[in-house]
Amino acid sequence: MKELKNDRYLRALLRQDVDMTPVWMMRQAGRYLPEYKATRAVAGDFMSLCRNAELACEVTLQPLRRYPLDAAILFSDILTVPDAMGLGLYFEQGEGPRFERPIKSMADVQALPIPDPEDELGYVMNAVRTIRRELKGEVPLIGFSGSPWTLATYMVEGGSSKAFTKIKQMMYAEPQTLHLLLDKLADSVIGYLNAQIKAGAQSVMVFDTWGGVLTPRDYRDFSLQYMHKIVDGLIRENEGRRVPVTLFTKNGGQWLEQIAATGCDALGLDWTIDIADAKRRVGDKVALQGNMDPSMLYAAPARIREEVATILAGFGSGNGHVFNLGHGIHQDVDPEHAGVFVNAVHELSAQYHGR
């Protein structure tokens, strides 16, 4: 294995010394970049882009050519797992993801296969191997999956949702059906992430985008429990290094202590929580990733720098901070503003890391 030229991101996740705060952006390979749009046009559509290892590699590397980012993240989608289970993923123009065969009953859940990550999801592993090769040890590669709860919301609702009525109906009227679905999804995600690690991912992240729509008790029983199972089932050492695991529940700021108790290495934070408060609560147990509002990138460059400075000061001195947005970058952001953000993190953070 090539030694990493820049391991700042991995070191920060393990709360080890770094010379400056590492930074990457959720959805850093995406529609805000004109070069991404050009590559997607070549692919034809989103899933064709995901399924072509060379093109998925190209869009993964595009933001690294523009910005001095400290990590690359696999270009893929959280819905690859339910798609591999046979639900028939497709994308409606302007509507987002849909499933041809949503989950409606216990029989549907019982019939679901657990996908073989090197078979039905082999195209993802090919992308991981291709990206890892082309990175040439410059920065680490992040693999990822959706959380069981978040994947289940799409599978039961049949796509995106605002009210989550179908899955909440299942949760309250047929909890055993939902628990079986979540358990199968947890097993699928463990296999999927471990295959990504074996293929070359040096860190993994679980996106629990919709955990924040649950009551505290339901969050514990229907989301956190299954993320805990995933953390317990993951490969944590590979290529002579620890493989850090980050859990991110959007709107999950009230549950940081419980998430930190899963044994993960880092928590993702959205912008609705003060990072100083998060550090006070769980900074002795886990690293923190975040947490600038992605909409701040619409602001003037001076205002972006000011916000970066505020968040860095909130975390303060010491290790264990990976700077990121609190969610994905918006598609109509000026790429120059993203560059201001990345450069500001490096420039303004060195003072907090004494050498």
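In case you wondered, yes, glycine gets a Cβ from its N, Cα and C as well.
Keep in mind that what you see is a predicted model, and the values were worked out from it rather than measured.
Feature annotations, courtesy of Swiss-Prot:
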type	residues	note
BINDING	R27, Q28, A29, G30, R31, D77, Y154, T209, H327	substrate binding site
SITE	D77	site 'Transition state stabilizer'
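Swiss-Prot feature annotations superimposed on the structure.
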residue	record	contacts (Cβ under 8 Å, 6+ apart)
R27	substrate binding site	G328, I329
A29	substrate binding site	Y36, V59, T60, Q62, P63, I73, F75
R31	substrate binding site	K37, R40, Q331
D77	site 'Transition state stabilizer'	F46, M47, C50, P97
Y154	substrate binding site	L79, P82, P97, F99, S160
H327	substrate binding site	M26, K250, D270, W271, P294
#### Entry: Collapsed DSSP category at R31 (substrate binding site)
coil
### Query
For the substrate site made of R27, Q28, A29, G30, R31, D77, Y154, T209, H327, how many Å separate the two farthest Cα atoms?
23
